[in-house]
Every structure is written in structure tokens, then in C-alpha cells.
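Sequence annotations record features per position, and here TrEMBL assigns domain 'FAD-binding FR-type' to 94-222. TrEMBL lists SER157, ARG177, THR238, SER300, ARG301, LYS310, GLY338, LEU339, GLU377 with the feature NADP(+) binding site.
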Amino acid sequence: MAAIQCGVVFQGSVTASLNSDLHKSIFKSKKISYTDKPWMSFSPMELKTKKTPSRYQSAICMSTPQAVGSAKVSVSPLHLEDAKEPPLNTYKPKEPYTATIVSVERLVGPKAPGETCHIVIDHDGNVPYWEGQSYGVIPPGENPKKPGAPHNVRLYSIASTRYGDSFDGKTASLCVRRAVYYDPETGKEDPSKNGVCSNFLCDSKPGDKVKITGPSGKIMLLPEDNPNATHIMIATGTGVAPYRGYLRRMFMESVPRPKFTGLAWLFLGVANKDALLYDEEFRKYLEDNPGNFRYDIALSREEKNRNGGKMYVQDKIEEYSDEVFKLLDEGAHIYFCGLKGMMPGIQDTLKRVAEGRGEKWEDKLSKLKKNKQWHVEVY
């Protein structure tokens, strides 16, 4: 079992509620500064448990797998399964819900370009959502373009199931990359042009308040009418967020639904190994569910495609194009999430592959959309 990597900010001591089979060693209770090197592996240490408030006790490394082997985690409240339609816009921008930051964890290593954080938010069960939906976040302060008005809402795909990382239906997790602007002439950071919301979230501390709206979105909802279905998930960077929710629901949580017996296939594109997100969690699913999960990564700065160029996620898809197209012909769902710049390259690749198979891509795409197999959420 790899050492747990963690970058949570704690105010005082905390108690870790980790599955003993997952990590038999225990940690020494200590303060961890957000400015520490959170990508460094912690050696086994002794944990002195102390009383701390409610679910803040389980704030250590929320992105780490919390289920081992075939055993699944119990979740509650199960009435979250009862709704026939997804919740939509329970809270709107003019009247947002004030939630609380539980933890902030750096997900990437020192050689990753930029910083990406896993942020757990406590909504106390008041802003329920379904897998594949998004929350809106309103950062504090005044909108510079509209003096006296709040900042605009920023949307973030939710990276947890409806039960949250604490499995009690009271938290939601976001995967956020800090947006930093560098002057092209000087090469220096210009804080005045940094992303307001992403920096607010990544700089947050446990206990800080955050205004959220939503949930919103229906296009990325996970179809669960057929437990034997195939789901092909394609992501770049933080676009992996909704898929983490899908996979936890399929492989980690004990939910009152038929067991997932289909295939989940994740293609993830990032710059390098240090930039991989939730990699340990995904590899655990692969180890425990080899017949139901496939996981392929594209590292653009460390790998070459068959033509000698950088390996992007569309190149990895092309490697398996015969299988992918066969699965689509059999009714597989295919999802795309990430920066909108990913789609032209992917579309060009799929079109080239289709034409090589004697198919017209425009007709095939139209059929996929008509059959509700095609799901896209880019930003």
C-alpha cells in the first residue's frame, strides 16, 4: 500500500477515521501547514486521538481510497436514492447556501504544472445532488465590473457521490485547479489577474464559509437503468471530477441498487505523472475489479504517440479505436469532461477513425446523440 499523500490544513488536532485494513499504521496528530510539501510521503506514525467537531474528524486525505478489496462502504441516508428526478437549482445566485470548508488537499506532486486541490465542503445535507452535477461557487468580495455586486458564479463539477467523502450525505467534494496568470513578457505572476474563485477555494482553511448554488446540470448524469452498461469516460485534468463520483458509486459504496456488472473505462490526459489526479484510488478499483474497470492515461510531457508527437488523450483513444467503436455500436455511453480545447482534437481523431472504417462521422455522431449515448461537459 503506497504511503498516503496529504496536504490538508488543520486548525488543531484531528482524528483520522481510516479503514484499518487500508492503512494499519496510525498517524501522529499534528498540525499540517498548507505551505508544507504535501506531496511528500508520510511515514507511519502514531495517532493520538482527540475530540474534535463532527465530520472534521475524517478530514485527513479525503481523496484516498476508503474501501479495500471487495468490501464496500455503508452509506446513508438511503432516502437519497428515492428521488425520481435529480435536484436542480435548489439554491440560486441571489440566495446562495452558506456551506463550510472541511478540508483542502493538494492532489499533485512538485513537478505538476500548476496546483490542483481536492476540497471537501460541508452542506449539512441541505444541498443534495446526483453524480455528474455541478455546484456554483460565489467567491467573497465585489465584482470589479459591477461595483457593489457580488462576483459571478463559477461552476465546478462535483467530484463525489451524493453521499460525499464522509458517506453521510452531508458533504460534497470539488477538484479545483488554481488559476494563475503569468505575464508573457516578464514571466512573473500577476496576482491581479489570477482566478478569483479558484484561488479562494485553494487558499481556504477548514471552517471557512463558502457560498454555493445549485446543483445544476443533467447532461452528465450517470444512467443507471442498466447495471451491465458500458461507460467510456474521457477527461483532461480536473475534468476527471464527475468520473470519480461515478466510480465510487460503482465500486466503493454499498447502495441499494443492482451491482454494477458492466464496464467502466476511464481515459485520463494530464501533463505528467505528478499531475495525475486520484490515481491511487483508480488503480485500487483496477486491482479489485479487473473485469469491470479499465484505466488508461496519456502523459503529454512524458510520452510520445505513434507519430512521435506528444501523447494526448485522443491519441490514447485512437490506440483502442476498434474496441471503442465496437462498444459504441453496442450501446456504450461516452462522456467528455475538461477544457473545451480538448474537443476539436478528439473530434478530429474520431472522425479520422470513422472514415478509416468506412463510416461517416457526422452520421454516427448524430446517431449517438439521438440514442443519448453522447455526453459532453467542457469549460
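Keep in mind that glycine also has a Cβ here, set from the backbone N, Cα and C atoms.
All chains included, 25 other C-beta atoms sit within 10 angstroms of the C-beta of SER157 (NADP(+) binding site). Per the record's binding annotation for NADP(+), residues SER157, ARG177, THR238, SER300, ARG301, LYS310, GLY338, LEU339, GLU377 show a top Cα-Cα distance of 27 Å. Taking all protein chains in view, 24 other C-beta atoms sit within 10 angstroms of the C-beta of GLY338 (NADP(+) binding site).
Each residue in the domain 'FAD-binding FR-type' (94-222) has a pLDDT score, and their mean in this model is 95. Sequence-distant neighbours of GLU377 (NADP(+) binding site) (same chain, six or more apart, CB under 8 Å from its CB) are SER157, GLY217, ILE219, MET220, GLY239, PRO242, TYR335, PHE336, CYS337, listed in sequence order. Taking the Cβ of THR238 (NADP(+) binding site) as reference, residues of its chain lying under 8 Å away and at least six apart in sequence are, in sequence order, THR116, SER157, CYS175, VAL176, ARG177, LEU277, GLY338.
For the domain 'FAD-binding FR-type' (94-222), residue counts in helix, strand and coil come to 10 helix, 47 strand, 72 coil, using DSSP.
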